[in-house]
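To start, the structure under review is shown below, and the notes come after it.
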Amino acid sequence: MPVVDTIAAIATAPGSGGIGVVRISGPSSRLIAEAVLGHCPPPRHAAYLAFRDAHALLIDRGIAIYYPGPHSYTGEDVLELQAHGGPALMQILLKRCLELGARQAEPGEFTRRAYLNDKLDLAQAEAVADVINAATEAAARSAVRSLSGEFSARIHSLQQKLVDLRLYVEACLDFPEEDIDFISQGRVAEKLAEVTAGLEAVFREARQGNLLREGLQVVLVGQPNVGKSSLMNQLAGEEVAIVTPIAGTTRDTIKNSIQINGITLHITDTAGLRETNDEVEQHGIARTWRALENAGVALLLVDAAHGIGKVEKSILARLPQFLPKIWIHNKIDLESTPPKIEEQDGETHIHLSARTGDGVHLLRQRLLDIAGWQPSGEGVFMARSRHLLALNKVRDHLEVAAGRLMQAELFAEELRLAQDALSTITGEFTSDDLLGEIFSRFCIGK
């Protein structure tokens, strides 16, 4: 359905600033320019002009830039008015544009129009919001990579490999008289392996990009008085949790976010797990288990002097099997033993002192490893949870396809489903409901 109306919004953040921008997009942009400025400035040239109201009274003087479509952000005629950034002045200028026939833009509507006009694909459109909301330098750089199209290019490369494989398989189905035994030739299995390897590489980078965006949820769990709050304070670099020798001091979950090499860690300190008749403490313990349901990694603390006992094993048994876990043997300062990290039966054990900080660097590095952190950060692009879900769905269809190599029609159908799932990332195959959900989370003016 073609867009026939013109939208306007304040594109800069709320509050006072040196410069404020009102953005207009749509067929009436040129007429609004003529009414506010007296004439439409030359395309893509910054012009210093007077902005006037309906009575020709001066609103402000500033910079006006006119971008005729399709060579604009939205693909439509776009006008940007840059004035002094006072909130009242911005509202006067926006009101003037609305009087001239524009309507107030909805959140994300400018970027949505850019997507609908093929100026951006969906992954790039989402990256616009991610660039704005990036909390770290690493997150900002990865979001810019997505906005520039690096993520989309990787997805399109995978799509092309899938298309090539589908064409080959379906040609064999459509022309059986040619008697091409593509299965015995091994070419299909080889091509499928190439697609799967490419998918895994993209998934690893997307997962790190997602961690840059969302952060890693780290939950500290263990019996009372094993040093969970001390470890949280050590990781945070400040006292965010109360520490006393009294068991059961922490009765509720305490949350704090820190950054290690650009990765945000959302750390949750929890109530010690034990049998208790204290109603308040019981509520805290219930919250501990709820926090673990959303954890990205669990730190299981034990007293280094006592080691892992029945209580710790019972805690371990209740944790999700897929959840990454690290055993923290705390209080090595009391045992006069050095810090160390070791692997035992597929589990990571770190010996440290939360009180002195000795060995905490080993934990920080292990958390970065779990997050998939790469020292260079090269090639990492911003990815959202929906992208990981889509990539997982592609992986599932490819795994099913691998088991149906001798059933050509079923094999071809799994390839089609894999391609459809992959296409949801860039928006070639996406529902209107999903588009509404994505763009509604943008700020107004983008």
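Cβ coordinates come from backbone N, Cα and C, glycine included.
Per Swiss-Prot, the feature (6S)-5-formyl-5,6,7,8-tetrahydrofolate binding site maps to R23, E80, K119, K446. Less than 8 angstroms from the CB of K119 ((6S)-5-formyl-5,6,7,8-tetrahydrofolate binding site) sit P70, Y73, T74, G75, each of them six or more residues away in the same chain.
Under the heading domain 'TrmE-type G', Swiss-Prot lists 215-372.
According to Swiss-Prot, the K(+) binding site annotation covers N225, T244, I246, T249, on the basis of sequence analysis. N225 (K(+) binding site) falls outside any helix or strand according to DSSP and counts as coil. Of all Cβ atoms in the protein chains displayed, 20 besides its own lie within 10 Å of the Cβ of N225 (K(+) binding site).
The GTP binding site annotation in Swiss-Prot covers 225-230, 244-250, 269-272, 353-355.
Every protein chain shown contributes to the tally, and the Cβ of S229 (Mg(2+) binding site) ends up with 23 other Cβ atoms within 10 Å. Positions annotated as Mg(2+) binding site by Swiss-Prot: S229, T250.
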Using Cβ-Cβ distances, find the residues under 8 Å from A354 (GTP binding site) that belong to the same chain and are at least 6 apart in sequence, listing them in sequence order.
G227, S230, L231, N233, Q234, N330, K331, V360
Can you give me the Cα-Cα distance between K228 (GTP binding site) and R23 ((6S)-5-formyl-5,6,7,8-tetrahydrofolate binding site) in Å, rounded to a whole number?
51
Reported as an integer number of Å, what is the Cα distance between N225 (K(+) binding site) and E80 ((6S)-5-formyl-5,6,7,8-tetrahydrofolate binding site)?
60
Inter-residue C-alpha distance, E80 ((6S)-5-formyl-5,6,7,8-tetrahydrofolate binding site) and S229 (Mg(2+) binding site) (nearest angstrom):
52
At a 10 A cut-off on CB-CB distances, which of the binding-site residues R23, K228 has the highest count?
K228
